[in-house]
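Over in TrEMBL, the protein carries these features:
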COMPBIAS  25-49  compositional bias 'Low complexity'
REGION    1-51  region 'Disordered'
TRANSMEM  78-102  transmembrane segment
TRANSMEM  108-125  transmembrane segment
TRANSMEM  155-178  transmembrane segment
TRANSMEM  190-209  transmembrane segment
TRANSMEM  221-240  transmembrane segment
TRANSMEM  260-284  transmembrane segment
TRANSMEM  326-346  transmembrane segment
TRANSMEM  352-374  transmembrane segment
TRANSMEM  395-416  transmembrane segment
TRANSMEM  436-456  transmembrane segment
TRANSMEM  468-488  transmembrane segment
TRANSMEM  516-537  transmembrane segment
Amino acid sequence: MAATSADAERSLLEGDATGSYGATGAPQASPADASAPGAGAAGSGAEPPRMSPEQILAEITRNADAYKKMFVNALMGGLAPLITEAFGTFVLVFTVGCAVASPTPSPWAPLTIATVLTVMVYATYNISGAQLNPAVTFALTLLGKKTWSKMVGNWIFQFMGAFLAASVYKIICAPHLAVVAPVPPFHVGYSLGAEALYTGLLVFVVLNCAARPSKEPNQCFGLAIGFAFLGSGYACGHISGAALNPAVALPLGLGGGKDAQWAFCWFGAELVGAGLATGLYWLLRRSELQVAAEVAAAPAAQAAVEGDTGAAAPGTLEGPSTLMRCLAEALGTFMLMVTVGLNIVSGSRATAYSAAAMVMCMIYAVGDISGGHFNPAVTLAVVLGGRGKITKALAAKYVLAQLAAAALAGLVYAVYHMGSAVSEKSIKLVPGHGYSVLQAALAELVATMVLSYTVLTVATVEGYVKDVAGLVVAYALTAGSFAVGSVSGGEVNPAVVLGLVLGNVVNPGKGGMGPAMSWIALLLCEFLGACVAAAFFRITHRQEFLPKEAKKDVKGLQDAAGADVEAPSA
C-alpha cells in the first residue's frame, strides 16, 4: 500500500525506525515489482527524490499543531512532577509557618501540620510520589530510586516552593515569625538528636508505606505519614521545634530574623536522620529489594511476573527471618517508648495521642514483617488467641526484643529528662492523685484488655478491615490512654512501664523511685488484661476456630437463614 506523508510523520512520532522524515507520497516498489521487467533503478534501492527547502517548510507548517502538541507533552510530562513537588511543599511550609508563628504556641500546631501533610501526600502522590521533603528525596537517591541529578532537580523545585511559602506567610503573620533554634532549656545537642531521630522516623515510614518496590501502597499510606509527623511533633516540638524537613528548616530558619546558622545545623541533622532511616529500611527489606533488582534487570524474569509461563522465573521472595521480625518489633517498641518519654519531659498534654500515632505509623511501616505488636501484652494475647498466628518460641523472642528496646529507650528518655525543665522532678509510676493502687491496676487491666481485643479482632482475622487495622488499633490505644490516664498513667504496655521505671532509676530526681508495688501491680494487670481479651475473643469469634470448610456458611453464630448453629469444638 502507498505510504502518505502523514503516515510517515505518524510513524516517526511513534518511534518507527522505518519511517523517514520527508518521504513523498510516491508509491514504493514492492519486492515483486522490483523483479519485474523494466523495474530498473527504481527497484535497485535508488534514493527517493529529495525535498526542496520550500517543501520542507510547507511540511512543517502543515504539521505545526502535531509538533507543538508533541513538544508541549514532552515538556509538561517532565515538569509536572517538579511543579507538583513545588506546590505541595509550598502548601506544607505555608501551613507550618502560620501554625507556629502565633505569639502563643498553639497546642494544635502538630495536628494542623500532620493534617495538611496527609492531604498533600494524597493530593500529589500519583504525580510526583509525594516526597515534599528534601530528606525523603535524599533517601530515595541513596536507595538508587533516583539519580543524583534528579535529586538536585527535585530539591530546586522543593526549595522554590518552600521559600515562596515562607515569603507569603511572613507577609501574613509579621511581626510574629517562626524561629528554628534549640528550645530552652534543651541545648543544641538535645535538639539535633531529636531532629535527626524523628526525621529518620518520618523518612522510614515514607519508604515503607509509599516507596516499596513492585508493591501498591496500603490505602492508609497518607494517614500513616501524617500520623508519623503527629507523633513526632508532640514528642520533640518542645525540644527542636520538629521541623523534620530541610524545606521547612531552611526557609523558616533563614527568615526568622536571628541565629540563622541553626537552619543549616537542622539541615545536616535531618539528612543524617534520613541516611539512618535508609540503612534500616535496606536492612529490613533487603530480600525484597534484591528480588526487585533481579526482576528489573532480567526481561525474562519480568515476563514471568507478568504471566509469561515460558520465561524463567524471577528471584523468589523469602519471608522475613526471625531476626528481622524481632528487629522490626524492637524498632517499633523503641520509638513508642521514646515518644512517650519525650512527651512527658517536654510537658506535652497529648501524650496518649502522640503515642497512638506512633503505634499506628509503625504498624503500617513494619506490620507486614512482624505483625506490629510493640507490646508484650499484645503478643501474649495473640499467642492465647490461638489459630497458630504466632508460635510460643517466636512470641518469647518478640517479648525479649520489646523489653530490650524499651530498656534502651528508657536510657534515652532519662538523658532527655536530665536536660529538661523538670530534671529534679521524679517521674514515678504511681496512681493518680486521690486514687489507690487497686484502682490504677484495674484501670490498666481494662484498657489493656480493650487494646488487645482490638488487635485480635481487626489484625488477626484474615480478610477483615485489613487496610484500616492500624488506624483502629491506634484509636483503641488513644481511647484507653486518655480514659485512664489520670488514674494509672495510661501506659497500657508492659514495655513502656519498664522503660519508664528504668528512666526513673537513672534519674530519680528529688522524689526517688517510689514504691515498687505500684509498677509491679500495673505490669501484672496489663498481662492479665491480655489474657481476658484472648478469652473474650475465643467466645465472640468461635467461627475462627471452625474447620476451613465449615466457615463458608457461618457468620457469627448464625447460618444463612438466621438460625442458631452449634460451632464444633476447636
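Cβ coordinates come from backbone N, Cα and C, glycine included.
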> Which of 155-178, 221-240, 260-284, 436-456, 468-488 has the most Cβ pairs closer than 8 Å to the transmembrane segment (352-374)?
Replying inline: 468-488
> Which residues of the same chain, at least 6 past either end of the transmembrane segment (155-178), have a Cβ under 8 Å from a Cβ in it?
Replying inline: 82-83, 85-94, 96-98, 100-103, 131-134, 137, 247-248, 250-252, 255-257
>> Considering only Cβ pairs within less than 8 angstroms, which of the stretches 221-240, 260-284, 516-537 has the most against the transmembrane segment (190-209)?
In response: 260-284
> So which residues does the transmembrane segment (436-456) touch in its own chain, when a touch means Cβ under 8 Å and the partner is 6 or more beyond its ends?
Replying inline: 373, 375, 377-378, 380-382, 385, 430, 472-473, 476-477, 479-481, 483-484, 487-493, 517-518, 521-522, 524-526, 528-530, 532-534, 536-537, 541
> By Cβ distance under 8 Å, which residues at least 6 away from the ends of the transmembrane segment (108-125) in the same chain are close to it?
Replying inline: 84-85, 87-88, 91-92, 95-96, 99-100, 132, 210, 221-223, 225-227, 229-230, 232-234, 237, 242, 350, 354, 357
